[in-house]
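**Q** Sending over a structure as structure tokens; questions will come in a sec.
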């Protein structure tokens, strides 16, 4: 084995020289230079400074402006709530541990940090699944003139939390476990060992199939169907240009969210899958640290995409920031998310 396994950790460093110590008790400076740990801390500080204000503002602006409280926006707000969970439950913890060079909060703190990081990532993934299904049902109309209403949105939000908890909670109950990963300053699912005592192998397979592969298949199917439908409707000019433009812009926004999610999380999932399927292989701590910390940036991009691509929300946010007066105010057109639940784009 090219790593060192302990009762509740796995350090990607051979202990032939006797230098490996528990990541819960000693600095891990044999894995990387102190300045590299400082860089991780600085990165986490940046995510906190950017992630908290932008996600909190997303929630606050929606509460302040009644016209933003639409069914589709419930799902988007769900992403902001999940991101705030990651900021408070994960990023602040990792910032502190990176400054110390090891996971100072012990196994219990590792469970908390790993749980919030996994929960936030899974809520984001399943929210994108719900958004993809909503776009498919509204635009492609497989169920005739289905209207995506408030009750559907609430059920969608509840569904994302149930599925996210079905992934994040089992390691706390003894099916798999959370352990420090990479440079041992943040925690995640144990992809490094089979650990038969906690049936780790079966959980990792379950997680990759149910909580990654299936959601990706659903998302790609929905958007594949949606692209064909929008092209057909545009070619046949079956609906007004205004309606088609509104649907296209909302769909474009959600697709960009999916692409951003893939950019952030696929490297982490790929590395985790490689480590799991190549037990005992030789890899350094940076190999898992970089994709893990890159995935954490997901807490920033969703609200940024939403603000940049939604004129109505952007105007409301500027109005809130500027104390009731928007210096860049424009006449609000029909291209707003608040209108999309009444889509009239015809199916192919």
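Residue numbers in this text run from 1 along the chain shown.
Backbone N, Cα and C atoms are what each Cβ position is placed from, and that goes for glycine too.
Quick paste from Swiss-Prot:
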type	residues	note
MOD_RES	1	N-acetylmethionine
CARBOHYD	2	N-linked glycosylation site
CARBOHYD	15	N-linked glycosylation site
TOPO_DOM	62-73	topological domain 'Cytoplasmic'
DISULFID	110-187	disulfide bond
TOPO_DOM	134-152	topological domain 'Cytoplasmic'
TOPO_DOM	225-252	topological domain 'Cytoplasmic'
MOD_RES	296	N6-(retinylidene)lysine
TOPO_DOM	309-348	topological domain 'Cytoplasmic'
LIPID	322	S-palmitoyl cysteine
LIPID	323	S-palmitoyl cysteine
MOD_RES	335	phosphothreonine
MOD_RES	336	phosphothreonine
MOD_RES	338	phosphoserine
MOD_RES	340	phosphothreonine
MOD_RES	342	phosphothreonine
MOD_RES	343	phosphoserine
**Q** Please report the Cα separation of residue 110 (disulfide bond) and residue 2 (N-linked glycosylation site) in Å, rounded to an integer.
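**A** Between the alpha carbons of residue 110 (disulfide bond) and residue 2 (N-linked glycosylation site) there are 23 Å.
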**Q** DSSP helix, strand and coil counts for the topological domain 'Cytoplasmic' (134-152)?
**A** 10 helix, 0 strand, 9 coil
**Q** Using a 10 Å cut-off between Cα atoms, which of these recorded positions sit near residue 2 (N-linked glycosylation site): 15, 187, 322, 323?
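**A** Matched recorded positions: 15, sequence order.
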**Q** Once the chains shown are all counted, how many other Cβ atoms turn up within 10 Å of the Cβ of residue 322 (S-palmitoyl cysteine)?
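**A** Here the count is 12.
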**Q** Return only the integer: C-alpha distance in Å from residue 187 (disulfide bond) to residue 15 (N-linked glycosylation site).
**A** 21
**Q** Across the topological domain 'Cytoplasmic' (309-348), what is the average pLDDT of the model, as a whole number?
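**A** A mean pLDDT of 60 is what the model gives the topological domain 'Cytoplasmic' (309-348).
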**Q** Counting other CB atoms within 10 A of each CB, which of the recorded positions 110, 187, 323 comes out lowest?
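**A** Ranked by other Cβ atoms within 10 Å, the recorded positions 110, 187, 323 bottom out at 323.
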**Q** When a 10 Å sphere is centred on the Cβ of residue 2 (N-linked glycosylation site), how many other Cβ atoms does it contain?
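**A** Taking every protein chain into account, the count is 12.
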**Q** Helix, strand, coil residue numbers for the topological domain 'Cytoplasmic' (62-73) per DSSP?
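**A** Summed by class, the stretch gives 9 helix, 0 strand, 3 coil.
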**Q** Compute the C-alpha separation of residue 323 (S-palmitoyl cysteine) from the residue listed as 'N6-(retinylidene)lysine', stating it in Å without decimals.
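**A** Between the Cα atoms of residue 323 (S-palmitoyl cysteine) and the residue listed as 'N6-(retinylidene)lysine', the distance comes to 32 Å.
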**Q** Give the three-state DSSP assignment (helix, strand or coil) for residue 296 (N6-(retinylidene)lysine).
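**A** Coil, per DSSP.
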